[in-house]
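For reference, the structure discussed in these notes is given below.
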Amino acid sequence: MAFRHLAVARLKSLLVLCAVLLLVHAMIYKIPSLYENLTIGSSTLIADVDAMEAVLGNTASTSDDLLDTWNSTFSPISEVNQTSFMEDIRPILFPDNQTLQFCNQTPPHLVGPIRVFLDEPDFKTLEKIYPDTHAGGHGMPKDCVARHRVAIIVPYRDREAHLRIMLHNLHSLLAKQQLDYAIFIVEQVANQTFNRGKLMNVGYDVASRLYPWQCFIFHDVDLLPEDDRNLYTCPIQPRHMSVAIDKFNYKLPYSAIFGGISALTKDHLKKINGFSNDFWGWGGEDDDLATRTSMAGLKVSRYPTQIARYKMIKHSTEATNPVNKCRYKIMGQTKRRWTRDGLSNLKYKLVNLELKPLYTRAVVDLLEKDCRRELRRDFPTCF
């Protein structure tokens, strides 16, 4: 009889151990999608559908959780920097409290329209406002396991006031949405023509080496969200987030626009080969992105205009970001060149990587002279 009780006890212990191992395996290799069983019938959401239902129905995480290794011209980021991020994830993937649950499918504290902060607190003040943010601008919920791991990629140069305003607004929003996130500021070195698309590719490459992100949101520094229901999460299809901007009277300037803020999974970025590296100066890279998205068999999705709303910070034209006079010639060749222009041929030099309290700062040399020399082969009259 005693032997029988002992056998039953051992069997129960074995079953509990198996359950724990299955849970850990699931959390590492396939954290459940927010709404992986939901689908949408159209790539563009219709305005007369209930706004929040439309958001939820178009939210999913379909990419795997494993880090990818892209070929680049710089060595893998040091173990010290990787460890700084990975230490944060250990208690999430292997919690001491095995009863820790995933966060609610709908974040519980969303209110809809929110205050947009236009003041410019200094960095020390911002650190006091957001004390729970980890090194590198890495935030995550404390009382539940985040359902999404999101890297915010911001191309940047010489706009510190805008950066502080954006950080103030984004950290407030992203914490409320219960995301596991970090903000990456990808800063181009001085004395080069600004290249937004290539900075996006570099941001993706650097961020992917630090942490197993599922979703990448490419975000202009001068756009501030006006509604907290605009979820910064992984889309089923690539998503144009900045649908309604005050500068354009909250209307799309044209139907094919894919600029401002875009959200793509790792799988999407692989399929479209990232952004073009060849648009030096203002204009062209966002329309090129729309074309390569279509060529890869994907569609651009949007949330309803009453949710996907943004305020744009006013700014003057920058001397280092002149209008790209060759943009139309390059865009005319996108269908021919997109598979060999992007992540697949990305070349840059990582000058500095710094985990600041509110963001990760990556300073990069985009090797403009070398790239322009190569471009002359395809566009001899432009470069």
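For all residues, glycine too, the Cβ spot is worked out from N, Cα and C.
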Annotated residue, N-linked glycosylation site, per Swiss-Prot; candidates Asn37, Asn104:
Asn37
Stretch-averaged pLDDT - the topological domain 'Cytoplasmic' (1-6):
55
If you count CB neighbours within 10 Å, which one among the disulfide-bonded residues Cys144, Cys215, Cys234 has the smallest count?
Cys144
Helix, strand or coil at Cys103 (disulfide bond), per DSSP?
coil
If you measure Cys234 (disulfide bond) to Asp222 (Mn(2+) binding site) at Cα, how many Å is it?
22
Tally every other Cβ atom lying within 10 Å of the Cβ atom of Asp222 (Mn(2+) binding site).
19
